[in-house]
Amino acid sequence: MAADTTETSPTNFVERLKTYVRTQKGSILAAEIVLSLIILICYAASRYGGYTAVAICEMAVAIVFFCVFMMDLDKQIKVVNWVWSDFIRAFTGALCYIITSLICVIRGAGDGALIAGGVFGLIAGILFAYDTYTIYLQIKSDRSQTAGPADERV
């Protein structure tokens, strides 16, 4: 019986990583991490390096959530509402990237690295917004499943 449970859930870290990246949420988080790294490099190479904070923060938080979801820690640590925390992370990431990227694209005349970071930031903002939307749909479906039967005496 124990052999059946080990076959369905990979115990090796690399196997867990490969399995999780193949899921929709895993691929979205992996794309957010990679895009944040690209944006970080672009902003660091520009004349104005002050915009790197957004990329660093969003990448770090996305890595934390990636690891938590990949290792199924969200099912073990019940103190945190992981779905709502992930929703807030994705929503603030979308807002920060869109606002910062628009500033960088508008301001970046003559600084190709800043403009490139801004363009990648807009793409990341759209990806974070899509992640927010998918989490919203998950929250909505969870609420409809847990809602009790309506009172018909009204």
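Just so it is clear, glycine is given a Cβ too, placed from its N, Cα and C backbone atoms.
Where the annotation comes from TrEMBL, it is an automatic prediction and has not been curated.
Note that the coordinates shown come from a computational prediction; the quantities given were computed from them, not determined experimentally.
Per TrEMBL, domain 'MARVEL' is recorded for 20-140. Residues or ranges marked as transmembrane segment in TrEMBL: 26-46, 52-71, 83-108, 114-133.
Secondary structure by DSSP for the domain 'MARVEL' (20-140): 105 helix, 0 strand, 16 coil. Tertiary neighbourhood of the transmembrane segment (26-46): same-chain residues 20, 52, 54-56, 58-59, 62-63, 65-66, 69-70, 93, 97, 104, 108, 111, 113-114, 116-117, 120-121, 123-124, 127-128, 130-131, 134, selected by CB-CB distance under 8 Å and a gap of 6+ residues from either end.
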